[in-house]
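Features of the protein shown, as given by TrEMBL:
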{"type": "ACT_SITE", "residues": "Cys344", "note": "active site, proton donor"}
{"type": "DOMAIN", "residues": "42-274", "note": "domain 'Orn/DAP/Arg decarboxylase 2 N-terminal'"}
{"type": "MOD_RES", "residues": "Lys65", "note": "N6-(pyridoxal phosphate)lysine"}
{"type": "REGION", "residues": "452-472", "note": "region 'Disordered'"}
Amino acid sequence: MKLTNLDERIHVLDGETTPSSVLRAICQSGIQEEAFYICDADDIIFKFKQWKLLLPRVIPHYAVKCNDSTVVLEILAALGTGFDCASKGEINKILDLEVDPNRIIFAHPCKPASHIRHAAALGVNLTTYDNATELHKIKTLHPTCNLVLRMRCDASSSCSQLGIKYGCDPIAEGPYLLQLARDLGLNVVGVSFHVGSGCKEPAAFRRAISLARDLFDLGTELGFNMTLLDIGGGFPGDNNVNFSECADVINSSLDDFFPSPEIQVIAEPGRYFVCSAFTLATNIHSKREVRSPDGNISSVMYYINDGVYGSFNAKLYEDAIFHGVPLDTPKAKLLPSSIWGPTCDGIDKIEENVLFPLMELGTWIIYSNLGAYSVPVASPFNGFPVPKVHTVSSHAAWMLLRERLPLSPEHFVEGNTPANLCMGLDLGGAAPISEVARLSLSGAIPDLSISRTSLDSQGSSENNAHDMSDMSDMSGYAPMMCRRASVVDNSDISGTSPLFIEFIQVGPMD
């Protein structure tokens, strides 16, 4: 697979460098201003190994909708997971990685006709249904497809309850839908359910598995070869949540209701694999101090460069609670504070009624456990960019993944990782570089500095100073492969007067 974007590469860390130190290096580089993610490939690998250890019977089919970052899909494909796709677009993403169609379940009970035809044409032959209309569509468009009956069994507590939209009643509707599939000459091979995204009640899995057993038995009586149980998603992914409790309930339930090893058991984990792997760095670009009648600060409103239309969209649809931590905590009095996103919408509020020390413009606020339903749902509303994802891995992870398709050695960047990631991150398409330098300027504009991605290979630290009154020979100081350098007036804290120097020449400078 040919790479088209440097952001798709995985940066290999040396033994002393951690994802946290890379994040800090980028924040402190003086180059980066936009929000960005650090994705820890080792965390994804750890989750995969933990799954195999704690749920050895259950084959994970990653829910692509949760986070469809190319690098995430590549890592999971290399590890050998299956994939839960909900549209022809997601199917294409997975097949573009040269994944066998047999590793895909088209897990959407109500599919557009064009998507069913697309799946049939590409050899995706396993899908879910939960209503009679869907059966008639499948009969017409993909009659040889293997079917999985989706039933409803909601957890009492979850981040997002799905049963209100999908899943048949296992008692009132399930038997009829199995019989209808038999009458239409379709092939039902199993039963699926989804207890709800971010399930907070492990016992819900036992209830669902018990109900699925009854439908399995009925399907067998009708003449179907029932071989597949899909236990859906809902698995926790935060690094503060104990996954083993959930696994224990599932394992004991499978032993009680599906003891036969001939039954294939799959699941559709999403947030489990990616939630804790992604850490978001945001930057305070504005603030408003609210003062009491005596003139003292009573509270502070901070405005950061990501919000509910971006990475924090779960605040809108599941009322998620986020807790940011300053990269460097000032030694200052704690004040009632609120954190706001960058858009003009009044609902773009991330945190409220929280205590923070008084923070200055440019302070970085870090949010952990932000890999689920953030990246794929974020939008550039109001023209604010979606954060980029920068992926890092240990040397051990690199050794594990580098020769596993769809990954290859060209997917990895080795050596001097923090500096490699501190390339012109805000400079829009800057080429890869190996070091970061800041060229201080003096002369025409006081307190002016230029953020440089790299000095010319022939340059030296002695040449870092340059008189702003004569820009004619700036090309001699231009970085290799640099197309643009941003010039910032340090006295302009509003950031409203950016200057740019364009370097037309690409490649080593004479």
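Just so it is clear, glycine is given a Cβ too, placed from its N, Cα and C backbone atoms.
Automatic prediction, not curation, is the source of TrEMBL annotations.
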Please report how many Å separate the Cα atom of the residue listed as 'N6-(pyridoxal phosphate)lysine' from that of the residue listed as 'active site, proton donor', as a whole number.
28
Given a separation of at least six residues and a C-beta threshold under 8 Å, show me what packs close to Cys344 (active site, proton donor) in the same chain.
Asn382
Across the domain 'Orn/DAP/Arg decarboxylase 2 N-terminal' (42-274), average pLDDT on the 0 to 100 scale:
93
Tell me, by DSSP, whether the residue listed as 'N6-(pyridoxal phosphate)lysine' is helix, strand or coil?
helix
Can you count the other CB atoms that lie within 10 A of the CB of Lys65 (N6-(pyridoxal phosphate)lysine)?
20
